[in-house]
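Enquirer: The following block contains the structure, expressed as C-alpha coordinates.
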Amino acid sequence: MAKDELWNAFDAVVGWLKPNFPSPKKVLRVTSLGASQIPLWNNHPMGHTPEVAEFHSCPDPQLSCKVEFNSQDTCCFNYPGGQLLQVQLWDVDPPRGPEDGWTIHGLWPDHCDGSFDQFCDDSRRHQNISAIIEQSGKMELLDLMRARWKNIRGDDEHLWIHEWNKHGTCISTLEPRCYPDYVPQQEVVTYFQKTVDLFLKLPSHEILSAAGIVPSETETYYRDAIESALKKAHGQDVRIKCQHGMLSEISYNFNVAGPLELGIFIPASPVGAASNCPLNGIRYRPKKTSRREPSPTKTFPEPTGAPPTGSPFVGKGKLMIQYSGRQHGCIISRGGWFVSGTCATFQAVPGPNNDFFLKSSKGLCAFDDDDGFICSADVDNPTAFTAMDELLSLGEQTVFYSDVIPRRRGQSPIYKSSEQHPLSLEIHWREA
(Lines of atoms letter the chains of each structure in order from A and count residues from 1; the text may use other names and numbers.)
(Lines give C-alpha, C1' and ligand atoms only; values in the text may rest on other atoms or scores of the structure.)
Protein backbone atom coordinates (compact mmCIF):
# COMPACT_ATOMS: atom_id res chain seq x y z
CA MET A 1 0.00 0.00 0.00
CA ALA A 2 2.82 2.39 0.88
CA LYS A 3 4.41 1.72 -2.53
CA ASP A 4 1.12 2.49 -4.33
CA GLU A 5 0.72 5.74 -2.41
CA LEU A 6 4.31 6.69 -3.26
CA TRP A 7 3.76 6.09 -7.00
CA ASN A 8 0.49 8.04 -6.92
CA ALA A 9 2.25 10.98 -5.33
CA PHE A 10 5.07 10.76 -7.88
CA ASP A 11 2.56 10.73 -10.77
CA ALA A 12 0.81 13.77 -9.36
CA VAL A 13 4.09 15.72 -9.17
CA VAL A 14 5.14 14.71 -12.67
CA GLY A 15 1.71 15.61 -14.03
CA TRP A 16 2.01 19.05 -12.47
CA LEU A 17 5.53 19.61 -13.82
CA LYS A 18 5.27 18.20 -17.34
CA PRO A 19 5.22 20.72 -20.22
CA ASN A 20 2.16 21.30 -22.36
CA PHE A 21 3.25 19.31 -25.38
CA PRO A 22 0.60 18.32 -27.92
CA SER A 23 -0.73 14.80 -27.67
CA PRO A 24 0.58 12.11 -30.08
CA LYS A 25 -2.86 12.10 -31.73
CA LYS A 26 -2.62 15.84 -32.36
CA VAL A 27 0.92 15.49 -33.70
CA LEU A 28 -0.19 12.83 -36.16
CA ARG A 29 -3.20 14.89 -37.23
CA VAL A 30 -1.06 17.96 -37.91
CA THR A 31 1.85 16.21 -39.61
CA SER A 32 -0.56 14.41 -41.92
CA LEU A 33 -1.17 17.82 -43.51
CA GLY A 34 2.38 17.81 -44.82
CA ALA A 35 3.40 21.01 -43.02
CA SER A 36 6.74 21.56 -41.35
CA GLN A 37 6.01 23.64 -38.27
CA ILE A 38 8.44 22.61 -35.54
CA PRO A 39 9.84 26.17 -34.97
CA LEU A 40 6.31 27.46 -34.26
CA TRP A 41 4.98 24.50 -32.25
CA ASN A 42 5.30 26.10 -28.82
CA ASN A 43 3.98 29.63 -29.05
CA HIS A 44 4.24 30.54 -25.38
CA PRO A 45 7.07 32.98 -24.60
CA MET A 46 9.79 31.57 -22.40
CA GLY A 47 8.82 31.87 -18.76
CA HIS A 48 5.13 32.38 -19.54
CA THR A 49 2.61 30.03 -17.99
CA PRO A 50 -0.85 30.28 -19.54
CA GLU A 51 -3.77 30.83 -17.21
CA VAL A 52 -6.11 27.87 -16.57
CA ALA A 53 -8.88 29.67 -18.47
CA GLU A 54 -6.66 29.72 -21.55
CA PHE A 55 -6.27 25.95 -21.47
CA HIS A 56 -9.94 25.12 -21.24
CA SER A 57 -11.46 27.77 -23.53
CA CYS A 58 -10.56 25.81 -26.69
CA PRO A 59 -10.12 22.16 -25.69
CA ASP A 60 -10.06 20.72 -29.22
CA PRO A 61 -8.71 23.35 -31.65
CA GLN A 62 -9.27 22.76 -35.35
CA LEU A 63 -7.01 23.86 -38.17
CA SER A 64 -8.35 26.80 -40.15
CA CYS A 65 -8.80 26.31 -43.91
CA LYS A 66 -8.38 22.54 -43.45
CA VAL A 67 -11.61 21.97 -41.55
CA GLU A 68 -14.88 23.19 -43.02
CA PHE A 69 -16.70 25.81 -41.01
CA ASN A 70 -19.77 24.30 -39.37
CA SER A 71 -20.85 26.73 -36.66
CA GLN A 72 -17.64 26.35 -34.66
CA ASP A 73 -16.89 28.88 -31.96
CA THR A 74 -15.00 31.59 -33.87
CA CYS A 75 -13.11 32.43 -30.69
CA CYS A 76 -11.38 29.07 -31.16
CA PHE A 77 -11.53 28.78 -34.95
CA ASN A 78 -10.24 31.59 -37.17
CA TYR A 79 -13.08 32.27 -39.59
CA PRO A 80 -13.67 33.59 -42.19
CA GLY A 81 -10.08 34.86 -42.20
CA GLY A 82 -8.51 31.45 -41.79
CA GLN A 83 -5.20 31.91 -43.62
CA LEU A 84 -2.85 34.32 -41.84
CA LEU A 85 -0.19 36.08 -43.93
CA GLN A 86 2.91 37.48 -42.26
CA VAL A 87 4.05 40.05 -44.82
CA GLN A 88 7.54 41.55 -44.95
CA LEU A 89 8.94 44.46 -46.97
CA TRP A 90 12.26 45.42 -48.52
CA ASP A 91 12.07 49.22 -48.92
CA VAL A 92 14.98 50.75 -50.81
CA ASP A 93 13.82 54.20 -51.92
CA PRO A 94 13.84 55.55 -49.31
CA PRO A 95 15.57 52.81 -47.29
CA ARG A 96 13.66 51.74 -44.18
CA GLY A 97 14.90 49.53 -41.37
CA PRO A 98 18.37 48.00 -41.04
CA GLU A 99 20.50 47.50 -44.13
CA ASP A 100 20.64 43.76 -43.45
CA GLY A 101 17.01 43.17 -42.46
CA TRP A 102 13.52 43.13 -43.90
CA THR A 103 10.75 45.03 -42.18
CA ILE A 104 7.19 44.17 -41.15
CA HIS A 105 4.20 45.08 -43.26
CA GLY A 106 1.55 43.30 -41.22
CA LEU A 107 -0.41 40.15 -40.34
CA TRP A 108 -3.38 39.70 -42.67
CA PRO A 109 -6.34 37.31 -42.22
CA ASP A 110 -7.26 36.16 -45.73
CA HIS A 111 -10.16 33.89 -46.55
CA CYS A 112 -9.18 30.38 -47.59
CA ASP A 113 -9.69 31.34 -51.26
CA GLY A 114 -7.41 34.40 -51.16
CA SER A 115 -10.16 37.01 -50.79
CA PHE A 116 -10.33 39.06 -47.59
CA ASP A 117 -12.39 41.36 -45.41
CA GLN A 118 -11.15 44.71 -44.20
CA PHE A 119 -12.03 47.33 -41.57
CA CYS A 120 -14.35 44.86 -39.85
CA ASP A 121 -15.22 46.72 -36.62
CA ASP A 122 -15.49 50.49 -36.53
CA SER A 123 -16.02 50.39 -32.76
CA ARG A 124 -12.48 49.06 -32.32
CA ARG A 125 -10.67 51.44 -34.67
CA HIS A 126 -7.79 53.12 -32.84
CA GLN A 127 -5.52 56.08 -33.59
CA ASN A 128 -3.09 55.64 -30.68
CA ILE A 129 -1.35 52.28 -31.12
CA SER A 130 1.92 53.26 -29.44
CA ALA A 131 0.04 54.63 -26.40
CA ILE A 132 -1.96 51.38 -26.11
CA ILE A 133 1.23 49.30 -26.15
CA GLU A 134 2.96 51.62 -23.68
CA GLN A 135 0.04 51.31 -21.29
CA SER A 136 0.34 47.52 -21.50
CA GLY A 137 3.94 47.76 -20.28
CA LYS A 138 5.36 45.98 -23.34
CA MET A 139 8.12 48.45 -24.07
CA GLU A 140 10.33 45.77 -25.64
CA LEU A 141 7.58 45.11 -28.17
CA LEU A 142 7.27 48.82 -28.95
CA ASP A 143 11.04 49.15 -29.36
CA LEU A 144 11.05 46.25 -31.84
CA MET A 145 8.19 47.82 -33.77
CA ARG A 146 10.01 51.14 -33.96
CA ALA A 147 13.06 49.36 -35.35
CA ARG A 148 11.44 46.85 -37.69
CA TRP A 149 7.84 47.89 -38.46
CA LYS A 150 8.58 50.85 -40.70
CA ASN A 151 6.47 53.07 -42.94
CA ILE A 152 8.11 54.06 -46.22
CA ARG A 153 6.60 57.53 -45.74
CA GLY A 154 8.34 57.95 -42.39
CA ASP A 155 5.28 57.94 -40.09
CA ASP A 156 5.46 54.47 -38.55
CA GLU A 157 2.49 55.05 -36.26
CA HIS A 158 0.27 55.69 -39.29
CA LEU A 159 1.16 52.26 -40.69
CA TRP A 160 0.45 50.57 -37.34
CA ILE A 161 -2.94 52.29 -37.15
CA HIS A 162 -3.75 51.22 -40.70
CA GLU A 163 -2.73 47.59 -40.16
CA TRP A 164 -4.79 47.19 -36.99
CA ASN A 165 -7.88 48.97 -38.29
CA LYS A 166 -7.83 47.23 -41.67
CA HIS A 167 -6.62 43.73 -40.76
CA GLY A 168 -6.47 43.24 -36.99
CA THR A 169 -10.18 43.95 -36.53
CA CYS A 170 -10.97 41.09 -38.95
CA ILE A 171 -9.34 38.30 -36.90
CA SER A 172 -12.27 36.50 -35.28
CA THR A 173 -10.29 35.03 -32.36
CA LEU A 174 -9.29 38.56 -31.25
CA GLU A 175 -12.82 39.75 -30.61
CA PRO A 176 -13.29 41.02 -27.03
CA ARG A 177 -15.80 38.27 -26.21
CA CYS A 178 -13.00 35.73 -26.70
CA TYR A 179 -11.13 36.89 -23.59
CA PRO A 180 -12.29 35.41 -20.24
CA ASP A 181 -11.41 38.58 -18.33
CA TYR A 182 -11.30 41.15 -21.08
CA VAL A 183 -9.28 44.31 -20.55
CA PRO A 184 -10.06 47.00 -23.14
CA GLN A 185 -7.64 47.00 -26.09
CA GLN A 186 -5.72 43.91 -24.97
CA GLU A 187 -6.51 42.31 -28.34
CA VAL A 188 -4.60 45.16 -29.99
CA VAL A 189 -1.48 44.26 -28.03
CA THR A 190 -2.01 40.57 -28.86
CA TYR A 191 -2.12 41.37 -32.59
CA PHE A 192 1.14 43.32 -32.61
CA GLN A 193 2.93 40.88 -30.28
CA LYS A 194 2.02 37.87 -32.42
CA THR A 195 2.98 39.66 -35.63
CA VAL A 196 6.42 40.55 -34.25
CA ASP A 197 6.91 37.03 -32.84
CA LEU A 198 6.22 35.48 -36.25
CA PHE A 199 8.45 38.02 -38.00
CA LEU A 200 11.41 37.27 -35.73
CA LYS A 201 11.13 33.56 -36.56
CA LEU A 202 11.33 34.33 -40.30
CA PRO A 203 14.59 36.27 -40.89
CA SER A 204 14.25 36.68 -44.64
CA HIS A 205 17.61 38.41 -45.19
CA GLU A 206 19.49 35.55 -43.50
CA ILE A 207 17.39 32.91 -45.30
CA LEU A 208 18.16 34.38 -48.71
CA SER A 209 21.82 35.06 -47.87
CA ALA A 210 22.32 31.40 -46.93
CA ALA A 211 21.25 30.54 -50.49
CA GLY A 212 23.65 33.06 -52.02
CA ILE A 213 20.92 35.61 -52.72
CA VAL A 214 22.22 38.92 -51.41
CA PRO A 215 21.44 42.56 -52.19
CA SER A 216 23.45 43.77 -55.17
CA GLU A 217 23.47 46.60 -57.70
CA THR A 218 24.69 44.26 -60.44
CA GLU A 219 23.44 40.72 -59.76
CA THR A 220 20.00 39.50 -60.80
CA TYR A 221 18.21 36.36 -59.67
CA TYR A 222 15.77 33.72 -60.90
CA ARG A 223 12.36 33.65 -59.26
CA ASP A 224 12.64 29.90 -58.70
CA ALA A 225 15.87 30.37 -56.75
CA ILE A 226 14.32 32.96 -54.44
CA GLU A 227 11.14 30.97 -53.89
CA SER A 228 13.04 27.71 -53.30
CA ALA A 229 15.24 29.28 -50.63
CA LEU A 230 12.23 30.70 -48.80
CA LYS A 231 10.25 27.47 -49.14
CA LYS A 232 13.11 25.48 -47.65
CA ALA A 233 13.01 27.66 -44.53
CA HIS A 234 9.23 27.99 -44.27
CA GLY A 235 8.20 24.47 -45.23
CA GLN A 236 5.63 25.58 -47.82
CA ASP A 237 5.52 27.77 -50.89
CA VAL A 238 6.07 31.49 -50.27
CA ARG A 239 4.70 34.32 -52.42
CA ILE A 240 7.04 37.12 -53.46
CA LYS A 241 6.17 40.44 -55.07
CA CYS A 242 8.23 42.85 -57.12
CA GLN A 243 8.04 46.53 -57.99
CA HIS A 244 9.47 47.37 -61.39
CA GLY A 245 11.36 44.06 -61.43
CA MET A 246 12.84 44.57 -57.95
CA LEU A 247 12.15 42.21 -55.03
CA SER A 248 10.01 44.14 -52.55
CA GLU A 249 7.68 41.87 -50.56
CA ILE A 250 7.45 38.36 -49.08
CA SER A 251 4.29 36.72 -47.73
CA TYR A 252 4.57 33.73 -45.39
CA ASN A 253 1.20 31.98 -45.10
CA PHE A 254 -0.15 29.99 -42.16
CA ASN A 255 -3.23 28.10 -41.13
CA VAL A 256 -3.87 28.18 -37.39
CA ALA A 257 -5.17 25.53 -34.99
CA GLY A 258 -6.84 27.46 -32.21
CA PRO A 259 -6.94 31.18 -31.39
CA LEU A 260 -4.33 33.60 -32.67
CA GLU A 261 -2.70 34.21 -29.30
CA LEU A 262 -2.13 30.59 -28.24
CA GLY A 263 -2.79 28.62 -31.42
CA ILE A 264 -0.43 26.43 -33.41
CA PHE A 265 0.73 28.10 -36.64
CA ILE A 266 1.05 25.62 -39.50
CA PRO A 267 2.89 26.83 -42.63
CA ALA A 268 0.54 26.80 -45.63
CA SER A 269 0.78 27.31 -49.37
CA PRO A 270 -0.53 30.69 -50.53
CA VAL A 271 -3.88 30.99 -52.25
CA GLY A 272 -5.17 33.75 -54.47
CA ALA A 273 -3.05 35.92 -56.76
CA ALA A 274 0.28 34.55 -57.99
CA SER A 275 3.65 36.30 -57.80
CA ASN A 276 4.03 39.30 -60.10
CA CYS A 277 7.82 38.91 -60.30
CA PRO A 278 9.46 37.99 -63.62
CA LEU A 279 10.86 34.48 -64.04
CA ASN A 280 14.41 35.84 -64.20
CA GLY A 281 16.32 39.08 -63.99
CA ILE A 282 14.93 40.00 -60.55
CA ARG A 283 16.91 42.74 -58.85
CA TYR A 284 17.48 42.72 -55.08
CA ARG A 285 18.96 46.14 -54.46
CA PRO A 286 20.97 47.15 -51.39
CA LYS A 287 19.24 49.62 -49.13
CA LYS A 288 22.22 51.96 -48.86
CA THR A 289 22.47 53.05 -52.46
CA SER A 290 21.70 55.89 -54.80
CA ARG A 291 18.41 55.84 -56.69
CA ARG A 292 18.39 54.45 -60.17
CA GLU A 293 17.49 56.77 -63.00
CA PRO A 294 14.02 56.57 -64.60
CA SER A 295 13.62 53.95 -67.32
CA PRO A 296 15.37 55.06 -70.51
CA THR A 297 12.55 53.52 -72.58
CA LYS A 298 10.10 56.19 -71.41
CA THR A 299 10.66 59.88 -72.14
CA PHE A 300 8.44 62.83 -71.43
CA PRO A 301 8.74 66.25 -73.05
CA GLU A 302 10.06 69.06 -70.90
CA PRO A 303 8.11 72.34 -70.89
CA THR A 304 9.57 75.07 -73.05
CA GLY A 305 9.21 78.81 -72.76
CA ALA A 306 7.57 80.76 -69.96
CA PRO A 307 4.26 79.45 -68.60
CA PRO A 308 1.22 81.60 -69.35
CA THR A 309 0.45 83.98 -66.50
CA GLY A 310 -2.21 82.67 -64.17
CA SER A 311 -2.49 79.22 -65.76
CA PRO A 312 -2.62 76.44 -63.16
CA PHE A 313 -0.43 73.33 -63.43
CA VAL A 314 2.05 74.84 -65.88
CA GLY A 315 5.77 75.12 -65.21
CA LYS A 316 6.75 74.79 -61.53
CA GLY A 317 4.56 75.10 -58.47
CA LYS A 318 3.40 73.70 -55.13
CA LEU A 319 0.56 71.20 -54.62
CA MET A 320 -1.55 72.71 -51.85
CA ILE A 321 -4.17 70.74 -49.92
CA GLN A 322 -7.60 72.17 -49.31
CA TYR A 323 -9.45 70.33 -46.55
CA SER A 324 -12.79 71.21 -44.99
CA GLY A 325 -12.99 74.45 -46.95
CA ARG A 326 -9.55 75.84 -46.08
CA GLN A 327 -5.91 75.33 -46.94
CA HIS A 328 -4.35 72.65 -44.76
CA GLY A 329 -0.77 71.76 -45.66
CA CYS A 330 0.67 70.55 -48.94
CA ILE A 331 2.25 67.61 -50.72
CA ILE A 332 5.94 66.87 -50.24
CA SER A 333 8.37 65.38 -52.71
CA ARG A 334 7.54 61.69 -52.18
CA GLY A 335 3.80 62.32 -52.47
CA GLY A 336 2.62 62.44 -48.86
CA TRP A 337 0.31 65.03 -47.30
CA PHE A 338 2.29 67.17 -44.86
CA VAL A 339 1.18 70.03 -42.59
CA SER A 340 4.48 71.09 -41.01
CA GLY A 341 7.56 72.09 -42.99
CA THR A 342 8.51 73.11 -46.51
CA CYS A 343 6.26 72.28 -49.46
CA ALA A 344 7.91 70.51 -52.38
CA THR A 345 8.26 72.09 -55.81
CA PHE A 346 6.63 70.09 -58.60
CA GLN A 347 7.02 70.41 -62.34
CA ALA A 348 4.04 70.00 -64.65
CA VAL A 349 5.32 68.11 -67.69
CA PRO A 350 3.03 68.52 -70.74
CA GLY A 351 1.47 65.30 -72.03
CA PRO A 352 0.29 64.33 -75.51
CA ASN A 353 -3.47 64.71 -74.93
CA ASN A 354 -3.86 68.16 -73.40
CA ASP A 355 -2.92 66.62 -70.09
CA PHE A 356 0.25 66.70 -67.97
CA PHE A 357 2.41 64.62 -65.69
CA LEU A 358 3.70 65.71 -62.28
CA LYS A 359 7.34 65.39 -61.31
CA SER A 360 9.13 66.17 -58.04
CA SER A 361 12.78 65.98 -57.07
CA LYS A 362 12.18 62.27 -56.34
CA GLY A 363 10.84 61.44 -59.80
CA LEU A 364 7.59 61.15 -61.72
CA CYS A 365 4.31 60.80 -59.82
CA ALA A 366 1.52 58.24 -60.02
CA PHE A 367 -1.44 56.89 -58.09
CA ASP A 368 -0.75 53.39 -56.78
CA ASP A 369 -3.71 51.27 -55.63
CA ASP A 370 -1.96 50.27 -52.40
CA ASP A 371 0.31 53.21 -51.58
CA GLY A 372 -1.72 56.11 -52.94
CA PHE A 373 -0.02 59.10 -54.56
CA ILE A 374 3.73 58.49 -54.87
CA CYS A 375 6.63 60.23 -56.60
CA SER A 376 9.74 58.17 -57.20
CA ALA A 377 12.49 57.41 -59.67
CA ASP A 378 10.96 53.91 -59.85
CA VAL A 379 7.69 55.17 -61.38
CA ASP A 380 7.65 54.00 -64.99
CA ASN A 381 3.98 54.71 -65.73
CA PRO A 382 3.13 58.15 -64.38
CA THR A 383 -0.48 59.22 -64.02
CA ALA A 384 -1.80 61.76 -66.54
CA PHE A 385 -3.72 64.67 -64.96
CA THR A 386 -5.78 67.59 -66.16
CA ALA A 387 -6.92 70.80 -64.48
CA MET A 388 -10.55 71.55 -63.74
CA ASP A 389 -11.70 74.78 -62.05
CA GLU A 390 -8.05 75.35 -61.07
CA LEU A 391 -8.00 72.04 -59.19
CA LEU A 392 -5.98 68.90 -59.94
CA SER A 393 -8.22 66.49 -61.81
CA LEU A 394 -8.00 62.80 -62.59
CA GLY A 395 -10.42 62.37 -65.45
CA GLU A 396 -13.25 64.50 -64.09
CA GLN A 397 -12.44 63.69 -60.45
CA THR A 398 -11.23 66.65 -58.38
CA VAL A 399 -11.78 65.16 -54.91
CA PHE A 400 -9.14 62.88 -53.39
CA TYR A 401 -9.02 61.04 -50.08
CA SER A 402 -6.92 60.26 -47.02
CA ASP A 403 -7.26 58.38 -43.73
CA VAL A 404 -6.20 60.92 -41.15
CA ILE A 405 -4.93 64.50 -40.87
CA PRO A 406 -1.11 64.28 -40.53
CA ARG A 407 0.36 65.28 -37.18
CA ARG A 408 3.60 67.12 -36.44
CA ARG A 409 6.25 65.73 -38.82
CA GLY A 410 4.08 62.84 -39.95
CA GLN A 411 2.65 62.28 -43.41
CA SER A 412 -0.64 60.84 -44.64
CA PRO A 413 -1.08 59.06 -47.98
CA ILE A 414 -3.49 60.49 -50.56
CA TYR A 415 -5.73 58.07 -52.45
CA LYS A 416 -7.89 58.39 -55.54
CA SER A 417 -10.63 56.17 -54.10
CA SER A 418 -12.86 56.93 -51.12
CA GLU A 419 -13.05 53.27 -50.10
CA GLN A 420 -12.19 53.17 -46.38
CA HIS A 421 -10.53 56.59 -46.64
CA PRO A 422 -12.94 58.96 -44.87
CA LEU A 423 -11.27 62.36 -45.40
CA SER A 424 -12.02 64.18 -48.67
CA LEU A 425 -9.70 66.90 -49.95
CA GLU A 426 -8.82 68.93 -53.03
CA ILE A 427 -5.43 69.78 -54.53
CA HIS A 428 -4.72 73.17 -56.06
CA TRP A 429 -1.64 74.74 -57.63
CA ARG A 430 0.46 77.58 -56.32
CA GLU A 431 3.13 78.95 -58.65
CA ALA A 432 6.66 78.50 -57.35
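Each residue, glycine too, has its Cβ placed from N, Cα and C.
Note that this is a predicted model, so its numbers are computed, not measured.
Relevant sequence annotations retrieved from TrEMBL are reproduced here:
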type: ACT_SITE; residues: His105; note: active site
type: ACT_SITE; residues: Glu163; note: active site
type: ACT_SITE; residues: His167; note: active site
type: DOMAIN; residues: 312-430; note: domain 'RNase T2-like C-terminal'
type: REGION; residues: 284-311; note: region 'Disordered'
Enquirer: How big is the gap, in Å, between the Cα of Glu163 (active site) and that of His105 (active site), rounded to a whole number?
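Expert: About 8 Å separates the two Cα atoms.
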Enquirer: Can you check which residues sit near His105 (active site), meaning Cβ under 8 Å from its Cβ, same chain, 6 or more apart in sequence, and list them in order?
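Expert: Result: Val87, Gln88, Leu89, Glu163, Glu249.
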Enquirer: Using DSSP, would you call Glu163 (active site) helix, strand or coil?
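Expert: Once the DSSP labels are grouped into three classes, Glu163 (active site) ends up as helix.
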Enquirer: Taking the Cβ of His167 (active site) as the centre, count every other Cβ atom within 10 Å, in any protein chain shown.
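Expert: The answer is 26 other Cβ atoms.
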Enquirer: Could you pull the average pLDDT for the domain 'RNase T2-like C-terminal' (312-430)?
Expert: 88
Enquirer: Relative to the Cβ position of Glu163 (active site), how many further Cβ atoms are located within 10 Å?
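Expert: The Cβ of Glu163 (active site) has 21 Cβ neighbours within 10 Å.
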Enquirer: Taking helix as H, G and I and strand as E and B in DSSP, count the residues of the domain 'RNase T2-like C-terminal' (312-430) in helix, strand and coil.
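Expert: Final tally across the stretch: 0 helix, 60 strand, 59 coil.
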